[in-house]
Amino acid sequence: MNALQWSFRAQCLTGFLFCTGLLAYAIFLQLHQGLEPCPLCIFQRIAFAVLGILFLIAGLYNSSNVYTRKAYGLLIFLTAIIGTGIAGRHVWVQLMPHNTISSCGSPLSFLSETMGPFEVFRTVLTGTSNCGNIDWRFLGLSMPMWSMFWFVALALLGLLVGFKAERRKPLFS
């Protein structure tokens, strides 16, 4: 069956399942494989969680209004683009030589206790902590590279569900 012809609800719930699966795998790697997430990884997880919630709400609400569907598609697309930016920054940090970037030094829990939310966000994006380490690879790509791939795929799915033309029944058959 062609996934491009699935209903709005089925496509949104598929997006939700992908986000849930990606988050479940990240938690599995943390709890059972011992891979501790860096602050940029945590921000990517938050972006996947927000994407999943948006897909779930869109799928459960299943509006027949064209403008509501476009709004959902646009929100999903923008959230995925933000996630792509965070993952892109993480990939950039990993590809830079380790001695050229300063370390942010503190874990995210400490930063959130001592700074405001915008300062934490700025500090995490400008520093590296352990974000430059590549501890996991699959098919030659690191975790942030795979995250970037999935963010782009989910952004395209958001555009598809929000802006695909509905088949219209002929007026006279």
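If you go along the chain as it appears here, the first residue is 1 and each next one adds 1.
Note that Cβ sites are derived from N, Cα and C of the backbone, with glycine treated the same way.
According to Swiss-Prot, L29 and E113 sit on the same side of the membrane. For C38, the disulfide partner recorded in Swiss-Prot among C19, C41 is C41. Here C38 (disulfide bond) is positioned 6 angstrom away from C131 (disulfide bond), judged by their C-alpha atoms. Under the three-state DSSP scheme, C41 (disulfide bond) falls in the helix class. Mean pLDDT for the topological domain 'Periplasmic' (89-145) in the predicted structure: 70. Sequence-distant contacts of the transmembrane segment (146-164) (same chain, six or more residues past either end, CB-CB distance under 8 Å): 4, 8, 11-12, 14-15, 18-19, 22, 44, 47-48, 51, 58, 69-77, 79-81, 83-84, 87-88, 90-91, 138. Per DSSP, the secondary structure of the topological domain 'Cytoplasmic' (64-70) breaks down as 5 helix, 0 strand, 2 coil.
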